[in-house]
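Features as listed in Swiss-Prot:
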MOD_RES   SER2  N-acetylserine
MOD_RES   LYS30  N6-acetyllysine
MOD_RES   LYS30  N6-succinyllysine
MOD_RES   LYS59  N6-succinyllysine
BINDING   LYS180, GLY232, SER233, VAL234, PRO235, THR236, GLU391  NAD(+) binding site
ACT_SITE  GLU254  active site, proton acceptor
ACT_SITE  CYS288  active site, nucleophile
MOD_RES   LYS298  N6-acetyllysine
MOD_RES   LYS344  N6-acetyllysine
Amino acid sequence: MSTGTFVVSQPLNYRGGARVEPVDASGTEKAFEPASGRVIATFTCSGEKEVNLAVQDAKAAFKIWSQKSGMERCRILLEAARIIRERRDEIATMETINNGKSIFEARWDIDTSWQCLEYYAGLAGSMAGEHIQLPGGSFGYTRREPLGVCVGIGAWNYPFQIACWKSAPALACGNAMVFKPSPFTPVSVLLLAEIYTEAGVPPGLFNVVQGGAATGQFLCQHRDVAKVSFTGSVPTGSKIMEMSAKGIKPVTLELGGKSPLIIFSDCDMKNAVKGALMANFLTQGEVCCNGTRVFVQKEILDQFTEEVVKQTQRIKIGDPLLEDTRMGPLINRPHLERVLGFVKVAKEQGAKVLCGGDVFVPEDPKLKDGYYMRPCVLTNCRDDMTCVKEEIFGPVMSILSFDTEAEVLERANDTTFGLAAGVFTRDIQRAHRVVAELQAGMCFINNYNVSPVELPFGGYKKSGFGRENGRVTIEYYSQLKTVCVEMGDVESAF
């Protein structure tokens, strides 16, 4: 398949083990191919009746799935992981067409997706409570039980991966899930739904509804939904939390960030430069945990900046389906204009553009309407600048200088966000001392933007709460029942 040829020809809702058209609507949306600007799908947003049918189907499937043993669920999840692994290139291609990231990166995403399913398949058979001995031979025990129908609401930067990150632990615990992808990227999650069905989950266990804010509201407020997990912006996350609170539903929120990356003068320069590029330019900079505030110790500021600019200018921009492309288009034109607007404001506030920050027009005529820009490196930045304070969500790196460890820690933590942070240094004592003080949920030492499924991922402060990945996520998709067993006579106060 090549850029500019794909068109969606099947329904984009999934319910009861099959693709379906929604029975009612809350509007229509268009999905684009960012590389070419073409419309690849016009689809109906699910209305309240469709959402209710999806939830009821999930509720029925939950009754079957929750009664299966952990090992039975394990085998089915492993089969789903195997299918994803076999269809890796197909799924990655679909992800690239609808999202715009390079096929090189998309394959990484699909690999972490099947690894996520394998990881939670391994945990499915090991979930257990504990036994507590009480006086007189009595005892108590706990049971870890599923919640019921969970809702996953995904973001457009990692459509397939996020669906796996949310559904794998949910299903491993015995839950069902209704998933709503971003209306910008509605396509690839349907492949996951079909794969789950092929692997053997009960029909209705993983359903997909399409739509925007109205559809999300129907899901969050549905009386039979037990939990909501959301990935996206802080303002939307706040609304999700408010709507869910009315039904006393637990939520997991993975929201935005403006993360610090601290480069000390004793760093390995080559690795620090590579880390800074990884922290800013993956998926065209459209990554919530990106380390976009790059603090560089003054002794190496000029050397570091020169090398970063040199490497940034070498990034191959263009058709994301070509093997040598390393940066594709941004998600859509409004977002491209928004990111370019941040660069304009940065210059007005005194920042200096060392490279990029402007529109890129590929030579291929079929890409002329795509949403491309050159990756941007800003210097002469101050902590009070808009480009340093607000999440840009594009390929824009802001470089700031610092003198001392104490100073940079205070500045790094001076943000309402707390998703991620990183430090590059050869001093292992300093590395651990610094990350202990950083107010962020995911910290990197001498690397950045790696997300092994074994490690919990989530934020502090306004970047959200709850965790995805790692063993601890089981606690966010299950509930604990305590059973007290009396082996003697009842001691009554009456």
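Heads up, the Cβ atoms here are built off N, Cα and C, so glycines get one too.
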DSSP state at LYS344 (N6-acetyllysine), helix/strand/coil:
helix
Shortest C-alpha distance to the residue listed as 'N-acetylserine' - which of the recorded positions LYS30, SER233, LYS344, GLU391:
LYS30
Among GLU254, GLU391, which are recorded positions, the residue with the most C-beta atoms within 10 angstroms of its C-beta:
GLU254
Look at each of the recorded positions, VAL234, CYS288, and point out the one with the fewest other Cβ atoms around it within 10 Å.
VAL234
Out of LYS59, GLU254, CYS288, LYS298, LYS344, point to the one nearest PRO235 (NAD(+) binding site) in space (Cα versus Cα); all of them are recorded positions in the record.
GLU254
For GLY232 (NAD(+) binding site), what residues in its own chain, 6 or more apart in sequence, show a Cβ-Cβ distance under 8 Å?
ILE153, ALA155, SER182, GLU254, LEU255
Where does THR236 (NAD(+) binding site) sit in DSSP terms: helix, strand, or coil?
helix
For GLU391 (NAD(+) binding site), just give me the three-state DSSP call.
coil
C-beta crowding around PRO235 (NAD(+) binding site), within 10 angstroms:
10
For THR236 (NAD(+) binding site), list the number of other Cβ atoms lying within 10 Å of its Cβ atom.
18
Between the Cα atoms of LYS59 (N6-succinyllysine) and LYS180 (NAD(+) binding site), what distance do you get, rounded to the nearest Å?
16
On a C-alpha basis, identify the one among LYS30, CYS288, LYS298, LYS344 that is nearest to VAL234 (NAD(+) binding site); the candidates are the recorded positions.
CYS288
Give the distance between the Cα atoms of LYS180 (NAD(+) binding site) and LYS30 (N6-acetyllysine), rounded to the nearest whole Å.
15
Quick check: of the recorded positions listed here (SER233, THR236, CYS288, GLU391), which one has the Cα closest to that of LYS344 (N6-acetyllysine)?
GLU391
Within 10 Å of each Cβ, count the other Cβ atoms and name the one among the recorded positions LYS59, LYS180 with the highest count.
LYS180
